[in-house]
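K.L.:
Take a look at this one; I'll ask things after.
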Ligand code: UDX
């Protein structure tokens, strides 16, 4: 089928590449000329495993094109996806200016029946606003063209985005038009080969489904972080508690890992936006507010440990930091817990020597050159001259380090682990104190020693 996608960010680019891979003719539109030029040369602006080969291959064979020209792109399409950003505005609500801007642009050029698909995560009711924006542009030029607006939220995870897109666990279609539903079913038929993963519903339910999914996942994490904080105080080990509860299939093992808080482009923004939506319709969503508040505090948990260890004074200390990205297999620094930790350390007068397998450039882009940040080429290089080690992203490469080497390099023998990567006894046997999240007994042991 002929597909146009507005927005070449994570969602737009991955969706475009995967739809092209399935044999569709896809045109991706972006207003950023230099980004479009880079994409044409096969340069991918984000680090996402498996994306580059399918973008290059499909671009080379003409199935995937990149342009800044909205008019030709609209004329090309039977189905148009809107996959532009919805950043939070000042009060945490999703800002729809990009989505509605694209809707207007579609309305200016539309000349035959087209299905317009909201792929961006947008508040309930946005499809209606997109419909109005397109319709008013059409009537401004006296054009009578039929179109439908449907919601088809994306559930991809960074780092697994291509896999999630090619093998989705569900395809949610929110539509009030059988014609539009039929076209999307046809588009997604190759993704549904062994069994039908399509869930068709009304538009508003589809819009809310996306927020509900992310809010539920964020809730699981904040819940576990809250239990971890209790575990710490009562002398229990959250890692044992996690295994104890995860074995109940109603709870499950997924997404119950305690840590230094969730980050990324979705959870923080979507939990806040849903809370604002609820408030806007007169419902005080207390649970969502608490999920957000627990996460906010959790991001400074490691700083609190570090500060406590150094008797409240880290001025002049150097902290080695392993991990910068908000999670492994990405270079994304949006809302990363590392940022809050580094900013708190800097504020308190410490220097950070950081290593991340992918996020070095992104970190430099965010913070620029500063005397209290040294970006290192390897995990062990980050330890040179450091007082202590903190870990904030669970990259595989950090999972089984040489503890003796860490012990020898650090001025103070201590690891602050924001992702519970190690067994406290193993670290302590190597002569290092160990602070994990919610692992009370270990903290008490090191405190007593
Ligand atoms: C998320 C959703 O998983 C995805 O379905 C949605 O489409 C977009 O938002 P993503 O932001 O890529 O995807 O990251 P994800 O893997 O879900 O992790 C989010 C954050 O939660 C990370 O900071 C991670 O470290 C943290 N996390 C995750 C935990 O702290 N504990 C867990 O058990 C799981």
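Including glycine, each Cβ sits where the backbone N, Cα and C put it.
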K.L.:
Out of 220, 269, which does TrEMBL tie to the same NAD(+) site as 30, 35, 86, 121, 158, 334?
P.N.:
269
K.L.:
Among 97, 186, 327, which residue does TrEMBL annotate as binding substrate together with 155, 156, 157, 158, 210, 255, 256, 257, 258, 259, 263?
P.N.:
327
K.L.:
Determine, from DSSP, whether residue 210 (substrate binding site) sits in helix, strand or coil.
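P.N.:
SS state of residue 210 (substrate binding site) = helix.
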K.L.:
Between any two of 155, 156, 157, 158, 210, 255, 256, 257, 258, 259, 263, 327, the residues recorded as binding substrate, what is the biggest Cα to Cα distance in Å?
P.N.:
24
K.L.:
Would you mind ranking the binding-site residues 258, 263 by how many other Cβ atoms sit within 10 Å of each Cβ and giving me the lowest?
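P.N.:
Taking 258, 263 as the binding-site residues, the minimal 10 Å Cβ count falls on 263.
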K.L.:
Can you tell me which of the binding-site residues 30, 35, 86 is spatially closest to residue 256 (substrate binding site)? Compare CA atoms only.
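P.N.:
The answer is 86.
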